[in-house]
Amino acid sequence: MNHRLPAFWAVIPAAGIGARMAADRPKQYLQLGGRTILEHSLGCFLDHPSLKGLVVSLAVDDPYWPHLACAADPRIQRADGGSERSGSVLNALLQLNALGASDDDWVLVHDAARPNLSRDDLDKLLAELADDPVGGLLAVPARDTLKRVDKHGRVIETVDRSLIWQAYTPQMFRLGALHRALADSLVADAVITDEASAVEWSGQAPRLIEGRSDNIKVTRPEDLEWLRLRWANRL
Ligand SMILES: Nc1ccn([C@@H]2O[C@H](COP(=O)(O)OP(=O)(O)OP(=O)(O)O)[C@@H](O)[C@H]2O)c(=O)n1
Ligand SMILES: C[C@](O)(CO)[C@H](O)COP(=O)(O)O
(Lines of atoms letter the chains of each structure in order from A; the text may use other names.)
(Lines give C-alpha, C1' and ligand atoms only; values in the text may rest on other atoms or scores of the structure.)
(Ligands and ions follow the chains in the order given, each with its own letter.)
Protein backbone atom coordinates (compact mmCIF):
# COMPACT_ATOMS: atom_id res chain seq x y z
CA MET A 1 0.00 0.00 0.00
CA ASN A 2 1.12 3.55 -0.74
CA HIS A 3 1.32 5.37 2.60
CA ARG A 4 1.72 8.84 1.07
CA LEU A 5 -1.70 10.45 1.35
CA PRO A 6 -2.55 12.78 -1.55
CA ALA A 7 -4.14 16.20 -1.08
CA PHE A 8 -7.81 16.19 -2.02
CA TRP A 9 -11.02 18.21 -2.34
CA ALA A 10 -14.26 16.97 -0.77
CA VAL A 11 -17.82 17.23 -2.07
CA ILE A 12 -20.77 16.52 0.23
CA PRO A 13 -24.14 16.26 -1.54
CA ALA A 14 -26.68 17.36 1.11
CA ALA A 15 -29.67 18.48 -0.92
CA GLY A 16 -31.88 15.39 -0.56
CA ILE A 17 -35.31 15.49 1.06
CA GLY A 18 -35.07 12.14 2.87
CA ALA A 19 -38.40 10.79 1.62
CA ARG A 20 -37.71 7.27 2.90
CA MET A 21 -36.85 8.63 6.35
CA ALA A 22 -40.15 10.56 6.49
CA ALA A 23 -38.95 12.82 9.34
CA ASP A 24 -39.96 16.41 10.11
CA ARG A 25 -36.85 17.68 8.25
CA PRO A 26 -34.30 16.31 5.76
CA LYS A 27 -32.44 13.45 7.47
CA GLN A 28 -29.03 15.18 7.30
CA TYR A 29 -30.35 17.66 9.87
CA LEU A 30 -31.55 15.05 12.39
CA GLN A 31 -29.57 14.78 15.64
CA LEU A 32 -27.04 12.06 16.43
CA GLY A 33 -25.07 12.34 19.68
CA GLY A 34 -25.49 16.11 20.06
CA ARG A 35 -24.70 17.08 16.46
CA THR A 36 -26.53 16.80 13.17
CA ILE A 37 -25.86 13.89 10.83
CA LEU A 38 -24.45 16.39 8.32
CA GLU A 39 -21.92 17.75 10.85
CA HIS A 40 -20.69 14.21 11.54
CA SER A 41 -20.37 13.53 7.80
CA LEU A 42 -18.37 16.73 7.30
CA GLY A 43 -16.24 16.20 10.40
CA CYS A 44 -14.02 13.42 9.12
CA PHE A 45 -12.97 15.64 6.17
CA LEU A 46 -12.59 18.91 8.08
CA ASP A 47 -10.28 17.13 10.55
CA HIS A 48 -8.04 15.80 7.76
CA PRO A 49 -4.71 17.58 7.15
CA SER A 50 -4.72 16.77 3.41
CA LEU A 51 -8.04 18.54 2.73
CA LYS A 52 -7.72 21.41 0.23
CA GLY A 53 -11.33 22.59 0.54
CA LEU A 54 -14.88 21.32 0.65
CA VAL A 55 -18.09 22.05 -1.24
CA VAL A 56 -21.47 21.15 0.24
CA SER A 57 -24.50 21.03 -2.08
CA LEU A 58 -27.62 22.36 -0.39
CA ALA A 59 -31.25 22.78 -1.37
CA VAL A 60 -31.71 26.35 -2.60
CA ASP A 61 -34.19 27.19 0.17
CA ASP A 62 -32.41 25.21 2.94
CA PRO A 63 -33.33 26.92 6.25
CA TYR A 64 -31.18 24.67 8.49
CA TRP A 65 -27.61 25.14 7.20
CA PRO A 66 -27.10 28.76 8.43
CA HIS A 67 -27.69 27.57 12.02
CA LEU A 68 -24.77 25.11 12.00
CA ALA A 69 -21.46 26.33 13.47
CA CYS A 70 -19.59 25.00 10.42
CA ALA A 71 -21.57 27.31 8.09
CA ALA A 72 -18.96 29.97 8.95
CA ASP A 73 -15.96 27.70 8.24
CA PRO A 74 -13.94 29.42 5.46
CA ARG A 75 -12.87 26.05 4.01
CA ILE A 76 -16.52 25.26 3.12
CA GLN A 77 -18.22 26.64 -0.01
CA ARG A 78 -21.86 26.14 -0.97
CA ALA A 79 -23.31 24.88 -4.25
CA ASP A 80 -26.94 24.59 -5.27
CA GLY A 81 -28.47 21.14 -5.08
CA GLY A 82 -29.97 19.53 -8.17
CA SER A 83 -33.17 17.53 -8.52
CA GLU A 84 -31.08 14.30 -8.34
CA ARG A 85 -27.94 13.48 -6.36
CA SER A 86 -25.88 13.46 -9.58
CA GLY A 87 -26.94 17.06 -10.35
CA SER A 88 -25.99 18.14 -6.83
CA VAL A 89 -22.54 16.61 -7.29
CA LEU A 90 -22.10 18.16 -10.74
CA ASN A 91 -22.90 21.66 -9.38
CA ALA A 92 -20.32 21.14 -6.62
CA LEU A 93 -17.67 20.12 -9.17
CA LEU A 94 -18.35 23.34 -11.10
CA GLN A 95 -17.82 25.23 -7.86
CA LEU A 96 -14.48 23.46 -7.39
CA ASN A 97 -13.42 24.63 -10.84
CA ALA A 98 -14.33 28.18 -9.82
CA LEU A 99 -12.15 27.76 -6.70
CA GLY A 100 -9.15 26.99 -8.89
CA ALA A 101 -9.07 23.20 -8.58
CA SER A 102 -7.40 21.53 -11.55
CA ASP A 103 -8.49 18.54 -13.62
CA ASP A 104 -5.82 16.30 -12.09
CA ASP A 105 -6.85 17.01 -8.50
CA TRP A 106 -8.45 14.22 -6.48
CA VAL A 107 -12.07 14.75 -5.40
CA LEU A 108 -13.76 12.64 -2.73
CA VAL A 109 -17.57 12.62 -2.85
CA HIS A 110 -19.28 11.54 0.38
CA ASP A 111 -23.00 11.34 1.22
CA ALA A 112 -24.23 13.81 3.83
CA ALA A 113 -26.23 10.88 5.15
CA ARG A 114 -23.18 8.72 6.06
CA PRO A 115 -22.14 10.05 9.48
CA ASN A 116 -20.10 7.04 10.60
CA LEU A 117 -17.08 7.20 8.25
CA SER A 118 -13.90 6.33 10.15
CA ARG A 119 -10.58 8.11 9.72
CA ASP A 120 -8.96 4.70 9.13
CA ASP A 121 -11.26 4.01 6.16
CA LEU A 122 -10.71 7.50 4.74
CA ASP A 123 -6.92 7.09 4.97
CA LYS A 124 -7.12 3.58 3.51
CA LEU A 125 -9.03 4.88 0.47
CA LEU A 126 -6.55 7.74 -0.04
CA ALA A 127 -3.51 5.51 0.35
CA GLU A 128 -4.76 2.65 -1.84
CA LEU A 129 -5.87 4.91 -4.70
CA ALA A 130 -3.11 7.56 -4.59
CA ASP A 131 -1.43 6.10 -7.69
CA ASP A 132 -4.49 4.55 -9.34
CA PRO A 133 -5.12 5.62 -12.96
CA VAL A 134 -8.93 5.65 -12.52
CA GLY A 135 -9.87 5.99 -8.83
CA GLY A 136 -12.47 4.07 -6.88
CA LEU A 137 -14.63 3.84 -3.82
CA LEU A 138 -15.19 2.27 -0.43
CA ALA A 139 -17.39 -0.82 -0.68
CA VAL A 140 -18.34 -3.91 1.30
CA PRO A 141 -18.77 -7.46 0.02
CA ALA A 142 -22.35 -8.78 0.04
CA ARG A 143 -22.75 -10.57 3.36
CA ASP A 144 -26.19 -12.20 3.06
CA THR A 145 -27.60 -14.78 0.66
CA LEU A 146 -29.01 -12.92 -2.35
CA LYS A 147 -32.30 -13.69 -4.14
CA ARG A 148 -33.52 -12.54 -7.52
CA VAL A 149 -37.32 -12.22 -7.46
CA ASP A 150 -40.22 -11.65 -9.83
CA LYS A 151 -42.48 -8.61 -9.55
CA HIS A 152 -44.67 -10.45 -7.00
CA GLY A 153 -41.73 -11.00 -4.64
CA ARG A 154 -41.44 -14.74 -5.44
CA VAL A 155 -37.92 -16.10 -5.68
CA ILE A 156 -36.59 -16.91 -9.16
CA GLU A 157 -33.11 -17.93 -8.05
CA THR A 158 -30.35 -17.56 -5.47
CA VAL A 159 -27.64 -15.33 -6.93
CA ASP A 160 -23.91 -16.06 -6.71
CA ARG A 161 -22.76 -13.39 -4.27
CA SER A 162 -19.03 -14.02 -4.53
CA LEU A 163 -18.60 -11.12 -6.99
CA ILE A 164 -21.26 -8.77 -5.56
CA TRP A 165 -20.27 -5.75 -3.48
CA GLN A 166 -22.26 -2.83 -2.05
CA ALA A 167 -21.07 0.63 -3.10
CA TYR A 168 -20.37 3.04 -0.23
CA THR A 169 -18.85 6.51 -0.10
CA PRO A 170 -16.42 8.30 -0.21
CA GLN A 171 -15.86 7.78 -3.94
CA MET A 172 -12.53 9.16 -5.18
CA PHE A 173 -11.84 10.31 -8.75
CA ARG A 174 -9.82 12.95 -10.64
CA LEU A 175 -11.86 16.16 -10.97
CA GLY A 176 -11.67 16.43 -14.77
CA ALA A 177 -12.52 12.78 -15.48
CA LEU A 178 -15.42 12.77 -13.00
CA HIS A 179 -16.80 16.06 -14.31
CA ARG A 180 -16.78 14.80 -17.91
CA ALA A 181 -18.24 11.40 -16.99
CA LEU A 182 -21.08 12.92 -14.95
CA ALA A 183 -21.91 15.64 -17.48
CA ASP A 184 -21.84 13.27 -20.48
CA SER A 185 -23.80 10.49 -18.77
CA LEU A 186 -26.50 12.92 -17.65
CA VAL A 187 -26.83 14.31 -21.19
CA ALA A 188 -27.19 10.70 -22.40
CA ASP A 189 -29.92 10.14 -19.78
CA ALA A 190 -28.02 7.20 -18.24
CA VAL A 191 -29.08 5.93 -14.80
CA ILE A 192 -26.45 7.35 -12.44
CA THR A 193 -26.81 6.59 -8.71
CA ASP A 194 -23.21 7.22 -7.68
CA GLU A 195 -20.00 8.71 -9.12
CA ALA A 196 -18.64 5.26 -9.96
CA SER A 197 -21.61 4.52 -12.23
CA ALA A 198 -20.83 7.66 -14.25
CA VAL A 199 -17.17 6.64 -14.51
CA GLU A 200 -18.23 3.10 -15.52
CA TRP A 201 -20.52 4.62 -18.16
CA SER A 202 -17.48 6.47 -19.55
CA GLY A 203 -15.75 3.12 -20.08
CA GLN A 204 -13.43 3.04 -17.05
CA ALA A 205 -13.33 0.46 -14.24
CA PRO A 206 -13.22 2.00 -10.72
CA ARG A 207 -11.45 0.00 -8.01
CA LEU A 208 -13.26 -1.17 -4.88
CA ILE A 209 -11.53 -0.69 -1.54
CA GLU A 210 -13.03 -2.75 1.26
CA GLY A 211 -14.33 -0.55 4.06
CA ARG A 212 -16.15 -1.02 7.34
CA SER A 213 -19.75 -2.15 6.97
CA ASP A 214 -20.89 0.28 9.67
CA ASN A 215 -20.26 3.28 7.36
CA ILE A 216 -23.97 3.04 6.62
CA LYS A 217 -26.17 5.52 4.80
CA VAL A 218 -29.03 6.68 6.99
CA THR A 219 -31.94 5.79 4.71
CA ARG A 220 -34.76 4.55 6.94
CA PRO A 221 -35.67 5.28 10.59
CA GLU A 222 -34.15 2.02 11.87
CA ASP A 223 -30.73 3.08 10.50
CA LEU A 224 -30.71 6.12 12.74
CA GLU A 225 -32.04 4.13 15.72
CA TRP A 226 -29.10 1.74 15.30
CA LEU A 227 -26.54 4.56 15.04
CA ARG A 228 -27.99 6.33 18.09
CA LEU A 229 -27.57 3.14 20.12
CA ARG A 230 -23.94 2.89 18.99
CA TRP A 231 -23.31 6.54 19.87
CA ALA A 232 -24.95 6.14 23.28
CA ASN A 233 -22.70 3.18 24.06
CA ARG A 234 -19.59 5.17 23.08
CA LEU A 235 -20.19 7.78 25.79
N1 LIG B 1 -31.25 15.79 -5.21
C2 LIG B 1 -30.43 15.25 -4.31
C3 LIG B 1 -30.71 13.97 -3.74
C4 LIG B 1 -29.84 13.44 -2.79
N5 LIG B 1 -28.76 14.17 -2.39
C6 LIG B 1 -27.87 13.65 -1.34
O7 LIG B 1 -27.34 12.39 -1.73
C8 LIG B 1 -27.08 11.58 -0.58
C9 LIG B 1 -27.60 10.16 -0.72
O10 LIG B 1 -28.95 10.18 -1.18
P11 LIG B 1 -30.20 9.48 -0.48
O12 LIG B 1 -29.88 8.64 0.66
O13 LIG B 1 -31.01 8.91 -1.58
O14 LIG B 1 -30.89 10.80 0.14
P15 LIG B 1 -32.31 11.41 -0.13
O16 LIG B 1 -32.48 11.67 -1.58
O17 LIG B 1 -32.41 12.57 0.80
O18 LIG B 1 -33.29 10.23 0.38
P19 LIG B 1 -34.63 9.71 -0.28
O20 LIG B 1 -34.22 9.05 -1.58
O21 LIG B 1 -35.18 8.76 0.72
O22 LIG B 1 -35.49 10.93 -0.51
C23 LIG B 1 -27.72 12.31 0.61
O24 LIG B 1 -26.69 12.83 1.39
C25 LIG B 1 -28.58 13.37 -0.03
O26 LIG B 1 -28.72 14.57 0.74
C27 LIG B 1 -28.50 15.42 -2.96
O28 LIG B 1 -27.52 16.06 -2.60
N29 LIG B 1 -29.34 15.93 -3.91
C1 LIG C 1 -24.05 6.92 -3.54
C2 LIG C 1 -24.68 5.83 -2.73
O3 LIG C 1 -24.63 6.12 -1.35
C4 LIG C 1 -23.89 4.55 -2.96
O5 LIG C 1 -24.44 3.52 -2.22
C6 LIG C 1 -26.12 5.62 -3.11
O7 LIG C 1 -26.22 5.11 -4.40
C8 LIG C 1 -26.97 6.87 -3.01
O9 LIG C 1 -28.22 6.64 -2.48
P10 LIG C 1 -29.51 5.97 -3.18
O11 LIG C 1 -30.24 5.34 -2.03
O12 LIG C 1 -29.04 4.97 -4.19
O13 LIG C 1 -30.25 7.11 -3.78
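Keep in mind that glycine also has a Cβ here, set from the backbone N, Cα and C atoms.
Predicted automatically and left uncurated, TrEMBL annotations should be read as such.
Feature annotation from TrEMBL assigns site 'Transition state stabilizer' to R20 (among others). DSSP assigns R20 (site 'Transition state stabilizer') to coil in the three-state reduction, placing it in neither a helix nor a strand.
What TrEMBL records for K27 (among others) is site 'Transition state stabilizer'. The local packing around K27 (site 'Transition state stabilizer'), expressed as other Cβ atoms within 10 Å of its Cβ over all shown chains, amounts to 27. Taken residue by residue with DSSP, K27 (site 'Transition state stabilizer') is part of a helix.
Per TrEMBL, the feature site 'Positions MEP for the nucleophilic attack' maps to R161 (among others). The number of other Cβ atoms within 10 Å of the Cβ belonging to R161 (site 'Positions MEP for the nucleophilic attack'), over all protein chains shown, comes to 13. Under DSSP, R161 (site 'Positions MEP for the nucleophilic attack') is assigned to coil, being neither helix nor strand in the three-state scheme.
Annotation source TrEMBL lists site 'Positions MEP for the nucleophilic attack' at K217 (among others). Residue density at K217 (site 'Positions MEP for the nucleophilic attack'): 17 other Cβ atoms are found within 10 A of its Cβ, drawing on all protein chains shown.
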Cβ neighbour count (within 10 Å, all chains shown) around R20 (site 'Transition state stabilizer'): 13
K217 (site 'Positions MEP for the nucleophilic attack') to K27 (site 'Transition state stabilizer') - Cα separation in whole Å: 10
Integer Å distance between the CA atoms belonging to R20 (site 'Transition state stabilizer') and R161 (site 'Positions MEP for the nucleophilic attack'): 26
Where the C-beta lies under 6 angstroms from ligand 1, the matching recorded sites among R20, R161, K217: R20, K217
Among R20, K27, K217, the recorded sites whose C-beta sits under 6 Å from ligand 2: K217
